[in-house]
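Here is the structure we will look at.
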């Protein structure tokens, strides 16, 4: 989604009512987060901006930026964490593990395929088609891309990877 340049439509500070609604949306979308964790992710008094932009395909995307880092983004009323949020909360999404050479291919735009996964002794995380998941490197729990599982045999299309243009959004805020 953020592989190519995007166009910023607006960049405004979030209002108190929108901040409370965002907290409620985060709690509904990510029930594994506790109230304290949501309060840290969506701070009460610190600067929090809403950046509305158009992706290269014309998709309208809303990005929530806290402390100069994009933490969440919303597309078609669906809320997704960025890798910045996953670095703070690595257990937010089920994570699959892959090898460093495979990550290079993902950064280039490839989807993660089943042969690129490292299967732990406990097995793969229990996920269903359409579930959000994270991809981490072997030996590192920190997520690199955020993906939606479409079909485990066909692959995981990436929504956001730490090297794409969403990561450079912090320069705009």
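Cβ coordinates are placed from backbone N, Cα and C, and glycine is handled just like the others.
Summed and averaged per residue, pLDDT over the domain 'Pre-PUA' (2-90) gives 86. Annotation source TrEMBL lists domain 'Pre-PUA' at 2-90.
The domain 'Eukaryotic translation initiation factor 2D-like PUA RNA-binding' annotation in TrEMBL covers 93-146. Residues in the domain 'Eukaryotic translation initiation factor 2D-like PUA RNA-binding' (93-146) partition by DSSP class (helix H, G, I; strand E, B; coil) as 11 helix, 17 strand, 26 coil.
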